[in-house]
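Q: If you look up Swiss-Prot, you'll see Gly86, Ser87, Ser88, Gly89, Ser90, Gly91, Lys92, Thr93 marked as ATP binding site. As annotated by Swiss-Prot, domain 'ABC transporter' applies to 52-293, with the evidence given as sequence analysis. What Swiss-Prot lists as domain 'ABC transmembrane type-2' is 388-645. What Swiss-Prot lists as N-linked glycosylation site is Asn584, Asn591, and the listing cites sequence analysis. According to Swiss-Prot, the feature region 'Disordered' maps to 1-32. Among the features that Swiss-Prot reports, topological domain 'Cytoplasmic' is placed at 1-383, 443-467, 522-528, 645-651, with the record citing experimental evidence. Annotation source Swiss-Prot lists topological domain 'Extracellular' at 405-421, 490-500, 550-623. If you look up Swiss-Prot, you'll see 384-404, 422-442, 468-489, 501-521, 529-549, 624-644 marked as transmembrane segment, on the strength of experimental evidence.
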Amino acid sequence: MGDLSSLTPGGSMGLQVNRGSQSSLEGAPATAPEPHSLGILHASYSVSHRVRPWWDITSCRQQWTRQILKDVSLYVESGQIMCILGSSGSGKTTLLDAMSGRLGRAGTFLGEVYVNGRALRREQFQDCFSYVLQSDTLLSSLTVRETLHYTALLAIRRGNPGSFQKKVEAVMAELSLSHVADRLIGNYSLGGISTGERRRVSIAAQLLQDPKVMLFDEPTTGLDCMTANQIVVLLVELARRNRIVVLTIHQPRSELFQLFDKIAILSFGELIFCGTPAEMLDFFNDCGYPCPEHSNPFDFYMDLTSVDTQSKEREIETSKRVQMIESAYKKSAICHKTLKNIERMKHLKTLPMVPFKTKDSPGVFSKLGVLLRRVTRNLVRNKLAVITRLLQNLIMGLFLLFFVLRVRSNVLKGAIQDRVGLLYQFVGATPYTGMLNAVNLFPVLRAVSDQESQDGLYQKWQMMLAYALHVLPFSVVATMIFSSVCYWTLGLHPEVARFGYFSAALLAPHLIGEFLTLVLLGIVQNPNIVNSVVALLSIAGVLVGSGFLRNIQEMPIPFKIISYFTFQKYCSEILVVNEFYGLNFTCGSSNVSVTTNPMCAFTQGIQFIEKTCPGATSRFTMNFLILYSFIPALVILGIVVFKIRDHLISR
């Protein structure tokens, strides 16, 4: 290949890495730390897809199988860093998922993953591997120190507060984060730390449990060249501290070539090569493809092992070349050495223990308390979200206020009609404002819980419950602000007790709307779809259950039965009784009667109550109990849904 001096760690870019003494399982010195090994033996993964669209019933049994991984075997030891190269769709991320036990249920996995010669069981993967994904899923309104502090509280049982804080400070120092410890994480709209620093925070969160095997899915994605190089050098340093580091990478610079202990190349799920940088140069030289001088070996070998699909001729030509190289590797001494190392570790008389992460997590309620504090601190710092949450109902109420101004007692001037219209809006709009809050705020927390639950920090339902508990005081305050302004200004029933009942009756649908949205967000990934579904359910509930548009007693039996399962029925009856009971109406001048104007049929509020919802007066307390029973029912349903989500995603 020519002079490789420009590719060494001390080359032109000045990438200095302490190579240290790589721990080797073959004759390791007595003073070396405990060595560990990771082996993947004959890993294959395939998924099946329907031949035609889902609506084509005739083809429901016709499927085609796509092979994503094909007989991949790798071996790496502690103190080493392995880089996995490959074009898009080559199977790099799937291979990491296979290593970490995160493959989906939709496919079929064949092969074994060995750590220290022991085949891992499904429940052991989570406790053995730390996995840093491409995207940094962090809460933007927390500082770096707070982010790591809360992660540590979730991962490690708190003992001595001093030693606990020292752990966080030590990890920040190890990853050069101390100078930004008190800065917010931030996001695209909120200033914060840089993208490279966010990536280091994600790595630091994993280091808190002292993992011995760390996996990184394209850790340099979205970073500039210098920052990407710094991240790779950091990972090399982590590997030198008796860890196994495996990462996928996209278009690395040539200066990094000699930093990796092993380099693997995938093409369409097949392992084209896996060995040291020196072995790679010799192997491709022997295949007749020497890397040109002054070329980036990563780019050269990536192009060499990729299939060009721009034309049929080029596809055939490049496919033959890739197959030739893959066949040569399978027959090479490098491949045989990999298989031999795995088999040797499997048959040791005394197998080393599997290096699990620090596993001393706190109890369920302790984790729930930590999550509640973290969620509250993160959301309270979002000033716009807090203002929106508190004033959203009020803004809707101001529109009603300007439109109606003040209700009257004269039936001919809309005394009943205005009140019914207001109650209809109260019942229909309050669940929707709750839904808007959840759709706006919870998806970020859901993404965090999806990742952290796979890391074994907690279960997804705990994040959902923490959010639900966080919602309660904000919802109470928001409802009281709305009620205080609208109730008295609109001139509704002038009794303080009635005001209290009114506020309590509106708090329930607001919470129900938000909790119903949480349940659906546990089922449906797209928040826009959840928005539409909740809106449709709210509209349907008001139409069927409120009795404002059509008397429930006059509805067809199926709709009448459905109305009993809508919270709008009970909320509407409470509001109607609360407002109309004890009211007396006038009907124009004294000489106007029912015979001259049918609208004068209702001169007392009780008459309207008995006409629209008979017996609601005697059911007032029961309606409150039933209305508020929807809240714990939705919370329990949400826990079940998120437990199922946890099972589906984590397994």
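Placed from the backbone N, Cα and C atoms, the Cβ positions cover glycine too.
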Q: Ten-angstrom check, please: count other Cβ atoms within 10 Å of the Cβ of Ser90 (ATP binding site), all chains counted.
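A: Counting Cβ neighbours of Ser90 (ATP binding site) within 10 Å gives 25.
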Q: Using a 10 Å cut-off on CB atoms, tell me which of the binding-site residues Gly86, Gly89, Gly91 is the least crowded.
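A: Result for the binding-site residues Gly86, Gly89, Gly91: minimum number of other Cβ atoms within 10 Å at Gly89.
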Q: How about long-range neighbours of the topological domain 'Extracellular' (405-421): same chain, 6 or more residues beyond its ends, C-beta under 8 Å?
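A: Distal contacts: 489-492, 548, 579-580, 583-588, 592, 597, 599-600, 602-603, 608.
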Q: What are the non-local neighbours of Ser87 (ATP binding site), defined as same-chain residues 6+ apart in sequence with CB under 8 A from its CB?
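A: Counting only residues 6 or more apart in sequence, the Cβ neighbours of Ser87 (ATP binding site) under 8 Å are Ser267, Met302, Ser306.
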Q: Using DSSP, tally how many residues of the topological domain 'Extracellular' (405-421) sit in helix, strand and coil.
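A: Tallied per class, the topological domain 'Extracellular' (405-421) gives 10 helix, 1 strand, 6 coil.
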Q: Within 8 Å of the centroid of the Cβ atoms of Gly86, Ser87, Ser88, Gly89, Ser90, Gly91, Lys92, Thr93, which other residues of that chain place their own Cβ, given that this set defines the recorded ATP site?
A: Thr94, Thr248, Leu266
Q: So what's near the topological domain 'Extracellular' (490-500) in sequence-distant terms, Cβ-Cβ under 8 Å and 6+ beyond its ends?
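A: Those are 400-401, 404-408, 419, 422, 483, 578-579, 582-583, in sequence order.
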Q: Answer yes if the transmembrane segment (384-404) and the transmembrane segment (529-549) have at least three CB pairs under 8 Å among residue pairs 6 or more apart in sequence, and no otherwise.
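A: Contact between the transmembrane segment (529-549) and the transmembrane segment (384-404): absent, because fewer than 3 Cβ pairs are under 8 Å.
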Q: Using Cβ atoms only, state whether the transmembrane segment (529-549) and the transmembrane segment (624-644) have three or more pairs under 8 Å that are 6 or more apart in sequence.
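A: The answer is no, given that the two segments have fewer than 3 Cβ pairs within the 8 Å cut-off.
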Q: What are the sequence-distant neighbours of Ser88 (ATP binding site), meaning same chain, six or more residues apart, C-beta distance under 8 angstroms?
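A: Non-local contacts for Ser88 (ATP binding site): none found.
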Q: For the recorded positions Thr93, Asn584, which one has its C-beta crowded by the most other C-beta atoms within 10 angstroms?
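A: Within the set of recorded positions, the most crowded position is Thr93.
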Q: Please report the DSSP secondary structure of Asn584 (N-linked glycosylation site), reduced to three states.
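A: Assignment for Asn584 (N-linked glycosylation site) reads strand.
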Q: For the topological domain 'Extracellular' (490-500), DSSP counts of helix, strand and coil?
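A: The counts are 6 helix, 0 strand, 5 coil.
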Q: Inside 10 Å of the Cβ of Lys92 (ATP binding site), count up the other Cβ atoms and send me the figure.
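A: So the number of other Cβ atoms within 10 Å of Lys92 (ATP binding site) is 23.
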Q: Grab the same-chain neighbours of the transmembrane segment (468-489) for me: Cβ-Cβ under 8 Å, and only residues 6 or more beyond its ends, written as numbers and ranges.
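A: Residues packing against the transmembrane segment (468-489) from afar: 372, 375-376, 379, 386, 389-394, 396-398, 400-401, 406, 430, 434, 437, 499, 502-503, 506-507, 510-511, 514-515, 518, 635, 638.
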Q: For Thr93 (ATP binding site), just give me the three-state DSSP call.
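A: For Thr93 (ATP binding site) - judged by DSSP and reduced to three states - the answer is helix.
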Q: Please count the residues of the topological domain 'Cytoplasmic' (522-528) that DSSP assigns to helix (H, G, I), strand (E, B) and coil.
A: 4 helix, 0 strand, 3 coil
